[in-house]
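TrEMBL has this to say about the protein:
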- 11-43: repeat 'WD' (REPEAT)
- 93-132: repeat 'WD' (REPEAT)
- 169-192: repeat 'WD' (REPEAT)
- 193-234: repeat 'WD' (REPEAT)
- 235-274: repeat 'WD' (REPEAT)
- 315-347: repeat 'WD' (REPEAT)
Amino acid sequence: MGNSGSAVKVCTDHQGGINWLSLSPDGQRLLTGSEDGTARLWSTADSQCHGHFQGHESYITFCHLENEAAFTCSADHTIRKWDVMTGQCLAIYRGHTSIVNRILVAKDYLFSGSYDRTARCWSVDKEKQIQEFRGHRNCVLTLAHYSSRDVLEEEEEEEEEEEKVSRDLLVTGSTDCTVKVWWVSSGRCYQTLLGHTGAVLCLILDAPNRELFSGSTDYTIRTWNIVTGEQLKVFKEHQGSVICLELVNRHLYSGSADRTVKCWLVDTGERIQTYKAHKHSVSTLKYHAGILFTGSGDACARAFNSRSGVLQKIFRGHKFIINCIQIHNELLYTASHDGTLRIWDIRGICKRNKRRLKKERSAQGRSSQKGSLSRLFNNKVGCMVQQENGEHEAVELM
């Protein structure tokens with residue numbers, strides 16, 4: 001049995017809640033964007049703050065970190081680009097007329113979504129707006145990007161002669177209940193995906209399989225063919241808004257305001273697991289090495305065995321909602337509206353989980369029937385232990 005985790009370090013530099021946390025592609029740095037109007041750069045090597053980006057005139061809603069540049073967007077209607085080495089503001093992207101709530105960097109493009117009902121595309125290097133995507137009837141909340149080369153056959157590409165110059169597409173989700181797909185080069189709407197009856201809060205794209213997943217305040221997740229716009233499946237078991245999505249090995253994980261995470265088989269639409277124990281909405285989630293990590297409005301992060309659904313550990317210490325989590329080098333980073341970034345050591349739980357997975361594979365090799373019985377027994381024991389200790393007790397199966 002294990003107990004509740006304690007943080008390795010608590011970073012308290014921000015003077016307001018942290019709205020987002022981004023990890024650089026090389027894993028060397030983290031970026032936090034805050035209600036205090038600043039962003040901070042952290043080293044994953046020593047967990048120290050190595051940069052303080054100041055200049056926004058209102059709170060930062062979202063941030064994105066590349067290896068050499070950081071990007072922040074704000075309620076001041078602007079996006080800023082920063083040099084991670086010097087902290088200098090390299091560019092200010094102006095044009096939106098309301099809060100910019102989401103940005104996405106892809107290739108040489110910077111995409112943004114705003115409460116002004118538009119999405120926009122900017123040149124990362126030239127500080128210039130390239131395209132405006134206008135057509136939503138309400139706020140643009142979430143973004144995704146792909147290339148038609150990833151999803152279209154050659155003969156299908158030839159049909160789109162108008163877009164031969166650039167085959168990049170932008171996907172936008174809005175509070176107007178729709179998802180739209182846009183050609184980046186022209187700003188033309190390629191598809192409008194209709195079906196949701198509530199705001200679209202999150203998107204996950206699986207370009208190789210031509211699939212898009214959308215989560216909504218209508219309590220559903222919907223799967224779409226990104227080429228034809230056809231709605232493929234509707235996942236209906238949540239009893240609250242679907243806030244976040246994660247796709248791993250054709251398993252879709254959905255976090256909801258109903259205080260649960262559910263795991264679905266994408267190919268069949270079957271719900272195969274429900275992860276409980278949260279006392280408030282599930283605001284963020286991340287899969288790592290067979291473990292599902294969640295952050296919640298109850299100020300706790302949790303680790304679940306992704307296969308059995310058994311709660312393995314609770315990370316307590318935050319005072320308010322956890323808005324974002326990242327994982328690197330078996331450290332869990334949690335960013336909260338209480339203004340702190342907390343760092344947790346998850347080496348022990350990861351090691352035990354790997355050992356357990358190895359034993360399961362070995363058992364399956366010896367006898368598929370015995371393996372099935374063993375997993376069933378372990379799952380029942382785990383559930384019994386969890387019930388005996390209550391939802392506030394962190395459980396680790398050795």
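Placement of Cβ uses the backbone N, Cα and C atoms for every residue, glycine included.
As a whole-number mean, the pLDDT of the repeat 'WD' (11-43) in this prediction is 98.
For the repeat 'WD' (93-132), residue counts in helix, strand and coil come to 0 helix, 25 strand, 15 coil, using DSSP. Taking Cβ pairs closer than 8 Å, the repeat 'WD' (169-192) reaches residues 109, 111, 113, 117, 119, 121, 130-148, 162-163, 198-203, 205, 212, 214, 216, 218, 224, 226, 229 in its own chain, all 6 or more past its ends.
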